[in-house]
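Database features, via TrEMBL:
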- 1-22: signal peptide (SIGNAL)
- 35-164: domain 'Neurotransmitter-gated ion-channel ligand-binding' (DOMAIN)
- 209-230: transmembrane segment (TRANSMEM)
- 237-259: transmembrane segment (TRANSMEM)
- 265-286: transmembrane segment (TRANSMEM)
Amino acid sequence: MKHSKMLNSLLLILCSLQLTTCISQNELNELSRKFKYYHAAVRPAAPDNFVSDRNGTFFNIPVEMHLMATRIVNRNLYLEVIIVMTWIDERLRLRELKDRFPMPSEYLPWHPSLVFSPTVTSKHTTLAPTTGTMNSYSTIKTTVECQTNAWKYPFESFTCTLSVVPEGDETLTVTQFHDLRSDTQKLLTNVFLGDYPSCSLEFIFRSEWPRALLSSFLPSILIVSSVFFAQWKRRKIQILVSLAAMIGILIMLCSQRPYTATTLMDLWLCSNFIHSVFLVLIDLTLPARRVRYTLMVHVDEEKKQANPVKIMTTCGFFG
């Protein structure tokens, strides 16, 4: 498996190097001769381009997708994808030439009308002159905006989609998909190939909930615990700790707001705030603990002497 991935990577690099080379004068002359009667608006009519089923006959374009890299960027996803499309244009068969070469910008062949989402960063086309096989290399290097259910924060999952949709009656068939990412990128982001007839990739990744666990959940639990254990201290300490906890939770509630909608994090922090307010109300409404001293006299019959004994009793709920 690793050797096949390395081979695919080498093939992509070789294709990229081949695209950057210039064509020879002989190739340019042959193209100039062919394009005198060539019209880019006319679709090729080679039989190998068409497929038939019970629904009819369609112009089929095989597609190869090579996923090079993914990176999570602020709840969005950075993608590097190379999309290769193949079709045959019988009008561009040049018997005198043998090697594949890139098409110059002044000679534009027929291309299917496609809508890329996200848009294409760069695009190159090569021609195999002996067979008229056209290969279109579309490179996408951009950041894709992802969709999510905001109310699940910080346990939401993000979904990003890369799609290619034909505007005409052509059909796109994904024949090969190569995931050339590193193992770390594969663990962070899952990718799924769309079902036929769609030509799409769906990316799903989880939010960074461990960070929220350390920055929000654990501090809020410690704050509420300190308010609870402060009930065994003096009334002044109880109120000071409770007020400090309320202020701290309010600060966390205002700062932990990546979305405008109400989230699970808001519900958690609001419940902690209400719990702290409830304890403060108990401290203010219930009577404080009072200490009463009772003086009792114990009379010693032998010595005829009274020994005072002080007994301390308490009443109240919190102090």
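Just so you know, glycine gets a Cβ as well, placed from its N, Cα and C.
Since we're looking at a predicted model, the values are computed, not measured.
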Local confidence of the prediction over the domain 'Neurotransmitter-gated ion-channel ligand-binding' (35-164), expressed as mean pLDDT: 90
DSSP helix/strand/coil residue counts for the domain 'Neurotransmitter-gated ion-channel ligand-binding' (35-164): 9 helix, 69 strand, 52 coil
